[in-house]
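Inspection log for the structure reproduced underneath, given as C-alpha cells.
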Amino acid sequence: MPDQDKKVKTTEKSTDKQQEITIRDYSDLKRLRCLLNVQSSKQQLPAINFDSAQNSMTKSEPAIRAGGHRARGQWHESTEAVELENFSINYKNERNFSKHPQRKLFQEIFTALVKNRLISREWVNRAPSIHFLRVLICLRLLMRDPCYQEILHSLGGIENLAQYMEIVANEYLGYGEEQHTVDKLVNMTYIFQKLAAVKDQREWVTTSGAHKTLVNLLGARDTNVLLGSLLALASLAESQECREKISELNIVENLLMILHEYDLLSKRLTAELLRLLCAEPQVKEQVKLYEGIPVLLSLLHSDHLKLLWSIVWILVQVCEDPETSVEIRIWGGIKQLLHILQGDRNFVSDHSSIGSLSSANAAGRIQQLHLSEDLSPREIQENTFSLQAACCAALTELVLNDTNAHQVVQENGVYTIAKLILPNKQKNAAKSNLLQCYAFRALRFLFSMERNRPLFKRLFPTDLFEIFIDIGHYVRDISAYEELVSKLNLLVEDELKQIAENIESINQNKAPLKYIGNYAILDHLGSGAFGCVYKVRKHSGQNLLAMKEVNLHNPAFGKDKKDRDSSVRNIVSELTIIKEQLYHPNIVRYYKTFLENDRLYIVMELIEGAPLGEHFSSLKEKHHHFTEERLWKIFIQLCLALRYLHKEKRIVHRDLTPNNIMLGDKDKVTVTDFGLAKQKQENSKLTSVVGTILYSCPEVLKSEPYGEKADVWAVGCILYQMATLSPPFYSTNMLSLATKIVEAVYEPVPEGIYSEKVTDTISRCLTPDAEARPDIVEVSSMISDVMMKYLDNLSTSQLSLEKKLERERRRTQRYFMEANRNTVTCHHELAVLSHETFEKASLSSSSSGAASLKSELSESADLPPEGFQASYGKDEDRACDEILSDDNFNLENAEKDTYSEVDDELDISDNSSSSSSSPLKESTFNILKRSFSASGGERQSQTRDFTGGTGSRPRPALLPLDLLLKVPPHMLRAHIKEIEAELVTGWQSHSLPAVILRNLKDHGPQMGTFLWQASAGIAVSQRKVRQISDPIQQILIQLHKIIYITQLPPALHHNLKRRVIERFKKSLFSQQSNPCNLKSEIKKLSQGSPEPIEPNFFTADYHLLHRSSGGNSLSPNDPTGLPTSIELEEGITYEQMQTVIEEVLEESGYYNFTSNRYHSYPWGTKNHPTKR
C-alpha cells in the first residue's frame, strides 16, 4: 500500500508539473503576442538582463552591435528580444504548429511577426541586428508548418523578405561579413527553400526576385550561406519555369568552380542543381563553353554514389551535342564510365535529402552529418544500380558517334555492358529490371553499327535475338526494352547459363585465341574478299598491330599450285617494296609478311577507327548525311595519298574501296589493304583483272590495259557515295552492272545539298574514256580553291601548335632554370651555414670549450654532435683562414659596389669638406663606438641577433656603411687604438662576425682614410633632388585594382571582362605560382607588355569576342569591350589585360571616390560608398 500511495503521489506531481509548464508556456506566448502587437512607433524598449550563456541559437554569436553593449558577462536587450529568444528555444523541435493546442496563439504571433516586424520598414530600420535575427529565427521555425507559408504569401511577406535578403546579401558580398549577416542569410535561404519545396509556391519565389539573390550568393565565402543558396535553388529548379529564369542568369561558371574547388557536400549539391538546370539548352551550351567537361570527368573518380549519379546524368544531357560527345571521348570519359560499370569500386552514400540538409544547415548541424556508416548493403546496392543505369544511359548517347562506338567496343564495352543484362534474384526487382532495360538499350545502339553485329549474333538465342532486332535502330524510349527484359528473366537456368557463357566468349581480356608465328591473336576485326584481319600483339611486346590473313586457295591467285606460288611470290615482292618505300601520313605502314600453312600473313599498323563503309551504313540508318566540309576534308586526303602513290612511287592501289579507307580521330584518312597494289614502270600499263567490281573502272572490265587512272575512277565512286550514301553503280545482275560501269550511267546527285563543284568533280572522275579521264593532279587542280582553304586551316593549326610548343618549351625551360637556381641557392645556403658554423666555433673556442662548442653548433646548425666531431678536426685553422679570406674578398666587392652606386646617384664635390658640424661628428662617433663595443650584459641579446632565433638562418649584424661615410678620418685615427684594444679584448663577446673584426683590425686606418676620401666631398644639388618612384608601391596599386575587381558583388548576367580578370587573378595565386612569379607578372602588367599571358586561361567562348581599337564594340550585341582578335589559342597580352582592368574600374566607379581611396572603413560601418 505505501508503494501504491507513493506512485499516486508521483503521478499527481508530474501532472501538476505538466500543467504548470503548460500554463507558463501559455503565459509566455500571450506576453510575446502582446509585445509584437505594439506598433513600431509606440514600441518601448526596456532593458532587462539575462545570462549570455543562453544567447545562442545560431552557429556563431558575434558581439552585439547596435542593440546594446556587453557589461560584466551579460547582454542588455529589450524584453521582446528576450521573449523571441525563449520562443526559439522552447519550440525548436516543433513541426506542426497548426495542430498544437495553442495553434491560435501561434497564428497570431506569426501574423504579428510579419505585419508589425518583417514588412514594417520603420521597425526594420531601427531594430538592432540581433533583434531582427531572432525575428527571422522565429519565422523560420513557424514556417516548418505549410499553413504558415501560405499566410506569409497572403500578407505580402515574401516580397519584403526577398528585398531584405538582397540588401543583406549585397552588403555581405560587397563589404565583407558584418554582425549576424551570415546567420540572417542562412535563415532567409532556409525560408525560401521551404517555400520552393512545394510546386505551386515556386512561382512566388521567382516573382519576388529572390532567385537572383540566391544566384549571387553562390559567390559567398561562408559555407553555410553557400549551402543554403544551393539548397533553395535546387528546390526551385524542379520546375521548368523556374529553371528557365535561373538559367538566364550568370550561374554555370560559378557552379563549375564549386565542383572544381569546394568540399564534398558543396560539390554534391552543386552537381544536383546543375543536373536539373542542364535540361535547358543554354546551360548545356555554357557547360561546353566554360570547359566544364574536364571538371565533370574529374569527379568520376569520387566514391560518393549520389555525387556520381548527378555527374553522370549531367554528362547524359550535355553529350547530346556532337562536339561535346567527341570531347568526352578525348578526355577519357568512355573509359571512366566503363570502369564504373565494372563494379569493382567501393562506394559510399547517405540518407540525406534536400529538406533534411536545409534543416540541418539552418540549425548549424550540417557538418555533423556522416556518410554511409548507417546505410545497409541493400541500400548501397540499389544506389549502385541507379548509378550503373545512368552510366548505360551516358554510353547510349555517346555511341551515336561512330568513333565513340568503336572505342566502346575496343575497350571491351560490349562485354562489360552485357554482363548487366543477366538477372539476379538477390537484387531488388524494380531496380534490377530498370538496369537491365538501360543495358539492353546501350547494346541495341551498339548493334546498330554494322561492324558490331557479328558480336551480338553470338550472344542471344534466336527468339530473344528476334525481339532484340525488332526494337529498331536508335530507339531511346526505355519502355520499348521492357518486353526484352521480361523474356530474358523467364528463361530457364540452362538457357541463362548459355547466355552467360556467350558473354564470356566476347571478353577481350581473356587469354589469346591462338598464336600465329610470334603473334597472339586478340580479336577478329573484319573480313574481306581475300581473307580476314585480326588484332594481334607480338609475343614479347606490348604494341597492338593488325595482321591480315590471305587464303592462297582463292581462285584469284591461280587455278593450280604453280600459278598460286607465282602469284604469292609477286605479292610478297610487291609488299616488300611497299614496306620499304611508303612513308605518308595517309597510307598505312607495313611491317612484315610471312607464309604459314598455305596462308599469307601481312603484319601492318593498327589503325584506330572505322572503315569509311561503316560510316556510310551508320549515317544511312540515322538518316544523316556528310556535310560538304567533311566530304572535302576526306576527299582531299585521298587525293594527297594517291598523288604520293602515283607520282612519287608509281604504285597503283587497284582495290580502292570504302572498306579499305579508315577514318580515325577528326576524320584522319588512312588508305589500307595494299595486297593487290602493283608497282609499274613509267608509261606502262597493267592488265590483270583484280579489285572489287563495284569500284572497277571500264578498262578493267573490258580487260584492257590500265594505269593509275583506275584509282581515279574508284575515288570518283567514293566521292559519289559520300554525297549519296549509295554506290554510283549497283545491280544484282552482273551483266547489267558491267554495262552501267562501261557506259558510266548513274543516278545524278540530288540537287540543293552540295555545291556544283561536287557534281562536276564526280562527273570528271567517272569519265568512261580513260584518255579523257583526268589524273590525280588534274583532279586536285579542279578543287584548288577548296584545297587552298584546307591548306590555310592546316597552316593555322600548325602555327598554333608551334606557338603552343614554344610556350611549353619556354615554360619547361623556365621551370628547369628555376629548379637549378633553387639548387644553387640551397647549396650556397648550406655553404654559408657551414662557414658561419666554423666562425662561431672560432669565436666560442677560447671561452666555452669543446663541450659548449659542440652543443651550440648542434643547436644552431641542426647538426648532431657526433657529425660535428667527425668534421671538426685538425684542419680547422686552415679552413677558417680560407673562409676569412673568401669573406674579405666578398666584403671588398660589396664595398666597391656600394661606392659605385653612391657615385651614380650623387654629385661629388671637393669644396664641401667642411660641411660637417662638430656635434654631428661627436654623435656619429659615439654611435660608431657603441657599434664596436659590447658589455657583458648585452651578450645574450647580441647572440640572439647573431643566431637569428630558433630555427632561422644565422645573420650577422653588419656595420652600417652610411655611418662610416660620415666619420672624418682624423677622428677614426684618433681613436683607432682604442677600438683595436676593444677588438682584441672584447671580440669574443661581440655580435660582429670574425670576418669584419679581422678586416677592421688589419686594415682599420686605411679603411677609415678610404671611406673619408670617398665621402668627404659629397653634396647634392637642390635642383637635382627628385621624388623617388617606389616600384613596390606601383606593384601594390596594380594588385589592389585586381583584387578590388574580383571582390565586387557578382553580376547577375555574364560579364566576360570580369571573368578574364578573375581567371588572371587565380593564375597569379595558383599553386604553380610563387612570389617571384607574382612580382614579375604584375610588373609586366603595369608596363603593358605585349607578351601573351601564360598559361592561356581562356575558355571556348572568348573567340566570339571582338572589339575595335577605339574601344567601341564591332557588334552592338557585344558588350564585352575585350581587345581585338582574341583567339582561343593566342590568348591575351598584358597590355590588353591592362586595358580590360581599367575599363572595369571605370564601369564600377573605382575612380569616383579618389578622396576615399586611401581611407580604411571598419567592417560594419554604414557610411561607406555604396556604388561599386
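Using N, Cα and C of the backbone, Cβ positions are placed for all residues, glycine too.
Taken from Swiss-Prot, the feature active site, proton acceptor applies to Asp655. Summarising the annotation, Swiss-Prot assigns ATP binding site to Leu525, Gly526, Ser527, Gly528, Ala529, Phe530, Gly531, Cys532, Val533, Lys548 and lists sequence analysis as the type of evidence. Annotation source Swiss-Prot lists coiled coil at 481-514. Marked as compositional bias 'Polar residues' by Swiss-Prot: 919-945. Per Swiss-Prot, the feature domain 'Protein kinase' maps to 519-712; the stated evidence is sequence analysis. Among the features that Swiss-Prot reports, region 'Disordered' is placed at 855-875, 898-954. Annotation comment: Swiss-Prot describes 209-251 as repeat 'ARM'.
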_At a C-beta cut-off of under 8 Å, are there same-chain residues at least 6 beyond the repeat 'ARM' (209-251) that contact it? List them, or none._
59, 158, 161-162, 165-166, 169-170, 172-173, 177, 182, 185-186, 188-190, 192-193, 196-197, 199, 202-203, 258, 262-263, 265-266, 269-270, 272-273, 276-277, 279-280, 282-283, 354, 357-358, 361-362, 364, 366, 1049-1055
*Using DSSP, how many residues of the repeat 'ARM' (209-251) fall into helix, strand and coil, respectively?*
32 helix, 0 strand, 11 coil
_Cα distance (Å, whole number) from Asp655 (active site, proton acceptor) to Ser527 (ATP binding site)_ = 15
*Under a criterion of Cβ-Cβ distance under 8 Å and sequence separation of at least 6, what residues of the same chain contact Leu525 (ATP binding site)?*
Cys532, Val533, Tyr534, Lys535, Ala546
*State the count of C-beta atoms found within 10 angstroms of the C-beta of Ser527 (ATP binding site), not counting that atom itself.*
12
*Long-range same-chain neighbours of Gly531 (ATP binding site), Cβ under 8 Å, sequence gap at least 6?*
Lys548, Glu549, Val550, Asn551, Arg599
*asked:* Let me check the 10 A CB neighbour count of Asp655 (active site, proton acceptor). How many other CB atoms are there?
replied: 24
*How many neighbouring Cβ atoms, not counting its own, are there within 10 Å of the Cβ of Val533 (ATP binding site)?*
20
*Please classify the secondary structure at Asp655 (active site, proton acceptor) using three-state DSSP.*
coil
